[in-house]
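Engineer: One structure follows; several queries about it will come next.
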């Protein structure tokens, strides 16, 4: 059927005129400069009937929005009214006033109703967007961020996002799923730049019904499609309009887009083909346009107040698909439970399913329509959705059959899982961060279709100098470490960034390139091409190498020099990866994850912690996030803790991962609670983590990403979310727990890597005990003795327990002091028992290397240590064995240098046995005469005191030798050490010579040669020291 356009129906006076279809397609509402809102029947048969006129407004009506059962309108005075649409008497359309939604100080330029009809967003001439509840007309949110008047607002079909444009040309996207909506994307000077105050010179942006794109009229008279998620331009429709485009509207199936402008043209675009298929020129500049959601019908208005209706817009007979969803009966419909199960577990379902059956995409943005016969009846998912809508029959007039279909849950955890790089941001004004950490930042700057520019800016300028180079590969991923930077190209689907590649370039092999920062090694950079159809999902780099996780489920590990040292297969659902030193953290989306078409999420994650060489799995298991949250960052703390951060603002660390059975994710900070305590609306972009602080980049104006140039970083003190943290005791407990966590991590990491951590551990134990003592003091003041005892059990140092006793005594808590003393005594006893056990183990270890004494010895002497003799001959040794002789009860330690001959060795030599003789066992604990050099007892009777030194003993030997040549009888040293009973030393002349000779005589054990003739005063002393008797006293000395 040929298309036709009705004649002008002047619904309002000259001026700006708004138009909107109800979602049921039954009525058209208009608003004009005569302060009236009119509601017309949409069908051809009833279109010419008298319209319903609403006269609540007192000024020009500038904005309209219609849903299934509501109409909301705003005027130039800032008054916004709500109307209920229903069925009146005789089945006719009825519209009733529902109340005042908002009283703004400035004109209301645009209105958008959420899909649930519970909220409405209103754009006014100030820089704020008001979000109001349609249930009780209460204000919900005030979105701040635009710098100037706001032209348009538009909810996504699932109400998860809200798009808005400003007079300065900026386009903002707001995440409405959070309790406090925040801006997730800003694109500056994309839309028309205009002066506020005149609706006719302003443009409106609109979401597509499938939720994939936002259509934005741009300053070059073209319409650009902003893709959801990446928030980058995915397609451009241009070349038809000669003047400003004022309004756009989508068909119900998102296949077509209609645009009107000041050049009096209505243009219909085929989005998949990116071409205009129809156009119509009017007599007056056009204001707004809208599609009928249930029919092949278009309505538009002009500046003269006229309404036009275009019937049969799309020429279906020429092979074009219908602009709306057509329902077909399902002759063999499955039960509802079976259909829902097939939808839930259908692997072909798309993550962002907007209702079309072509893989959930609805259209191919790259230019090919995946439809079949061209009549629009090939949309299998559309048919299924309509069958589900018709399945429930409203046989009791409950009205529930008219409700929108329930959101569909799409299973996750498959290859369609979207991966991300920690520290990466989307495009903003032709720039984006590819990596952002404490080493520095990697920024990508768009240049032209052939290349981009990469800037690497470091924080420590003394170690590195900033780098800038041209990127002809158009890298999409980057990982920055202190040793180098890893880059990779990938497809736009994996990178979630439509601006990375376009057209045939998406089929090119992906590239992985490493740029080394080592100045001493030349040619350290390397580059690899991946096999066809294998593209990087996420990458990581550290001082120990690089890791690449690909779309084929491959993990490729390389060294910093480019050596490929490991490859393995992984589940093809990796979300991100990050590396530090020799550790690599991999995060996967669990198979139980799911997302709904309404924006709800039930996502679960898993983690694997391994070494960078791929040889050791350290820990693996679940990686928890907050309910309905997603993972937005992963990294390592400075001490080596693996850490994650989710969209609900919870920071977690993996503690005790070195013992896999005890590993646990511990929350250490809640940034949303911190924002509430500060009474601010702020978002923190994670950068790094230390033992006491979370390093973030604060985002202004509700931005979700750091701006350019690189901002100053903020430091947030860690605050473990314990109970009662608003009290001093709760704060001290959180501080103590945080210190224990990170101290244990530091010591375990030092032990794992072989570092010395004894001094640091002692210091940390002391710091932890100080915090515990403060808590004990607070408990004593509050008379909570059981709490104080529990804290005393946590103390590590014994002197800290003594301090705890003093605190209890000072507070006059005797019973508590006794309890703490018991803890101290029991811990001391445990330490003593452990020390004894250690010494026994050491003795057993030594005894295992000692050969037992010779079995030829008598049984009663077998356990005695072997006796060592010096200068007493064979007979003295035998006498000792028999328990006789002067030294039968004493033994001497072995002489140094290995010159000791044990009795066991002598017996073995006598019997001719070839046995291994080891060192003798330890001597008994009983005190023995002090004899450090193993000096043999002289033939003459002499005792050496424990306090005497070897040199005094040598002097004594020389004195006795001199006394033997004189008439005075020799005397022994008293065992009691009495100086009066000891023989008096002879006065020596030439003491150096005589003393040296005496020492050599005792130590070398050979007869000293006669000294040269001395002076006349020394002749007697010299002769006395080397007489015949003295020489004979050394003849029996032998060395072992």
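Counting begins at 1 with the first residue displayed.
Glycine is no exception: its Cβ is also placed from the backbone N, Cα and C atoms.
Pulled these from TrEMBL:
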type	residues	note
REPEAT	143-184	repeat 'WD'
REPEAT	238-279	repeat 'WD'
REGION	348-385	region 'Disordered'
COMPBIAS	358-385	compositional bias 'Acidic residues'
DOMAIN	419-722	domain 'WDHD1/CFT4 second beta-propeller'
DOMAIN	731-829	domain 'WDHD1/CFT4 helical bundle'
REGION	825-941	region 'Disordered'
COMPBIAS	831-845	compositional bias 'Acidic residues'
COMPBIAS	901-910	compositional bias 'Low complexity'
COMPBIAS	920-930	compositional bias 'Pro residues'
REGION	953-1040	region 'Disordered'
COMPBIAS	959-976	compositional bias 'Low complexity'
Engineer: Using DSSP, what is the helix/strand/coil residue split across the repeat 'WD' (143-184)?
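Structural biologist: Residue counts for the repeat 'WD' (143-184) by secondary structure: 0 helix, 22 strand, 20 coil.
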Engineer: If we skip the immediate neighbours and take only residues 6+ beyond the ends of the repeat 'WD' (143-184), which ones have a Cβ under 8 Å from one of its Cβ atoms?
Structural biologist: 106, 109-116, 119, 121-131, 190-197, 202-211, 214, 216, 219, 226, 228, 231, 354, 407, 597-599, 647, 681, 683, 701-704
Engineer: For the domain 'WDHD1/CFT4 helical bundle' (731-829), what does DSSP give as the number of helix, strand and coil residues?
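Structural biologist: Counts, helix then strand then coil: 86 helix, 0 strand, 13 coil.
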Engineer: Quick one: mean pLDDT on the repeat 'WD' (238-279)?
Structural biologist: 91
